[in-house]
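Trainee: Let me begin by handing over the structure; questions about it come next.
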Amino acid sequence: MSFNLIVDQGNSACKVAFVRNNSIESISFLPGKAGQALSHLVAPHRFDKAIYSSVGLPDEEAEAIVRSCAAASLMMGTETPVPLRLQYDRRTLGADRLAAVVGAHSLYPNTELLVIDAGTAITYERVSAEGIYLGGNISPGLHLRFKALHLFTGRLPLIDPSGISPKIAEYGSSTEEAITAGVIHGLAGEIDRYIDDLHAKEGRSAVILTGGDANYLARIIRSGILIHPDLVLLGLNRILEYNV
């Protein structure tokens, strides 16, 4: 029996999970610097273990809260041991990317994995069936592609992807439709190419999709995938259990 606190500090928000016996019990979203809000959230509880991870500079107040509310705690850093072998410069690997691949490997061991995290950027991570992180690629995300076409051209309008149907014409009949079709078909083709490369490998394989745009992207790509929206949190919990 274990009751763990997982604090994942992003660039603009903080995600907090209560994990009981390796299952996520609840998830809370806190604003940027989560200090006081985090203190109120965890005050009624006493945790067995806790982990704090940040994609940027750590919040010292949040770190202190995490340390104080659990019997044992871990501050995620570039030297933190993980249950994978890495073929990547650890100093340049974001904590969220690393946690995602650890989470995927814990869910699907002995499997060739492609982990796709679809947020502001889209990351493609490869994990071998032997538990080796083979590396990854970073590409512009869905919203970023639309925004770049608007910002770096003279007259192209900004398209809001939130209202776009998954059924996109092959070719647009207006500038708006042309932008939409170009971005969506281009991104779908990019993702399908990575998936095809994975499935060309021998043995069991799986594609794991996570991130804010995961549900939409799942509808526009032709290949079978598994959606795990809380993959980073699961990975951080696995790293915590591995170390403490």
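Quick reminder: no glycine exception, Cβ is built from N, Cα and C everywhere.
According to Swiss-Prot, the feature active site, proton acceptor maps to Asp96. Taken from Swiss-Prot, the feature ATP binding site covers Asp8, Gln9, Gly10, Asn11, Ser12, Ala13, Cys14, Lys15, Thr120, and the record attributes it to sequence analysis. The annotation substrate binding site is assigned in Swiss-Prot to Tyr88, Gly94, Ala95, Asp96, Arg97, Thr175. Per Swiss-Prot, the feature K(+) binding site maps to Asp117; the stated evidence is sequence analysis.
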Trainee: Compute the C-alpha separation of Cys14 (ATP binding site) from Ala95 (substrate binding site), stating it in Å without decimals.
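Mentor: It is 14 Å, counting Cα to Cα.
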Trainee: C-alpha of Asp96 (active site, proton acceptor) to C-alpha of Tyr88 (substrate binding site): distance in Å?
Mentor: 14
Trainee: Please report how many Å separate the Cα atom of Ser12 (ATP binding site) from that of Ala95 (substrate binding site), as a whole number.
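Mentor: Approximately 15 Å lies between the Cα of Ser12 (ATP binding site) and that of Ala95 (substrate binding site).
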Trainee: Measure the Cβ-based neighbour count of Gly94 (substrate binding site), defined as the other Cβ atoms within 10 Å of its Cβ.
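Mentor: Step by step: centre on the Cβ of Gly94 (substrate binding site), count other Cβ atoms within 10 Å, giving 17.
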Trainee: Write down the Cα-Cα distance for Thr120 (ATP binding site) and Ala95 (substrate binding site), rounded and given in Å.
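Mentor: Here the two Cα atoms are 16 Å apart.
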Trainee: Hey, of Asp8, Gly10, Gly94, Arg97, Thr175, which of those binding-site residues are within 10 Å of the residue listed as 'K(+) binding site', Cα to Cα?
Mentor: Arg97
